[in-house]
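Heads up: the structure comes next, in structure tokens.
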Amino acid sequence: MSKRGARTPGYWYDNTPIPLPARMLAPVYGAVTAVRRSLYRRGWLKRHGVPVPVVVIGNVTAGGTGKTPLTITLVSRLQQAGWTPGVASRGYGRDDAGTARWVDADTPVALGGDEPVLIAWKTGARVRVDTDRLAAARALVEAGCDIIVCDDGLQHYRLARDVEIEVVDGQRRYGNGRMLPAGPLREPAARARECDFRVVNLGQGSDAVIPVVGTPVADTDAGFGEWQMRLSIDSVQPMDGKRARPLASLAGQRVHAVAGIAHPERFFAMLRARGIGVVPHAFPDHHVYRAQDFSFGSRLPVLMTEKDAVKCRPFADEWLYSVPLKAELPAAFWVSLLDRLDKLASRHSDA
């Protein structure tokens with residue numbers, strides 16, 4: 001198995017001893033985080049809104065939890081419901097991180113960031129990358145968007161929000177419960193209870209959806225419950241432009257599987273569960289691929305996540321395939337969320 005680059009520290013999620021420097025820095029990080037949040041709560045630091053509903057998708061832990069598949073699915077659902085959503089993102093990993101820009105499906109990943117380019121490619125929505133989420137939201141409103149989806153902006157308190165959706169890994173949850181860098185927490189785990197919706201990413205698991213906390217459909221302004229999300233794969237898309245084929249057509253075959261995501265083993269496990277023989281190649285999250293990265297020494301199909309695929313389009317050939325990932329949540333979740341957003345739209349129009 002190829003392993004390149006840094007990985008999530010093991011002590012975040014197991015009983016490995018925490019290094020002394022990390023233990024010493026965690027209280028400092030926690031104190032700074034608490035002071036900053038308190039300043040916003042007391043109004044000493046001001047929040048600024050925009051004249052349309054704002055939905056923030058984020059997490060209180062560092063690392064991937066499935067926010068991007070959920071963002072793509074949410075944007076698609078909003079479009080189907082008649083909204084014109086715009087997506088605000090920081091665009092992590094791009095070369096000119098300090099520059100605000102519009103992102104579409106053809107934007108080079110080095111300029112737009114892999115996740116924003118993927119979102120634009122999959123949805124066709126307006127996407128704006130900017131370290132200042134408020135400025136991004138304002139630009140999207142000026143461009144005609146009537147709802148803002150903020151990708152990974154839970155801690156960006158300067159932008160006022162109407163709905164918060166927290167996404168958490170169903171297996172790892174909040175790890176050892178410690179603040180960065182001693183643990184995975186960006187904020188105390190209790191912060192998650194303040195969010196309107198909690199989505200638990202089960203990965204490739206049962207499609208049964210059970211609300212655990214709160215009421216899944218309610219008329220109140222908060223406490224819409226905890227929902228389980230399942231990620232599914234059922235097809236592969238040749239990157240040379242040919243038609244997609246069922247993933248089942250590769251059952252019993254060996255493939256090279258490439259993943260430059262926070263938890264690459266999840267992708268490999270999903271392929272194995274479909275009866276595919278996986279030769280795994282894990283790369284760092286947000287890795288910038290070169291053609292040489294795919295010199296594996298054996299000519300087998302190369303399967304990769306769509307997040308990786310958007311970075312490989314310049315040198316794609318007939319051996320490279322992307323695997324679309326779908327986020328599946330219960331119908332009641334969408335009823336609850338869309339009903340809330342309809343009410344918010346009325347409030348904003350009356351303001």
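Using the three backbone atoms N, Cα and C, a Cβ is placed for every residue, glycine included.
What Swiss-Prot annotates here:
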type: BINDING; residues: Thr61, Ala62, Gly63, Gly64, Thr65, Gly66, Lys67, Thr68; note: ATP binding site
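Cβ neighbours within 10 Å of Gly66 (ATP binding site), excluding its own Cβ and spanning all shown chains: 26. Annotation for the binding-site residues Gly63, Gly64: lowest Cβ count within 10 Å of the residue's own Cβ, Gly63.
Considering only the binding-site residues Thr61, Ala62, the Cβ with the fewest other Cβ atoms within 10 Å is that of Ala62. DSSP gives Thr61 (ATP binding site) a strand state.
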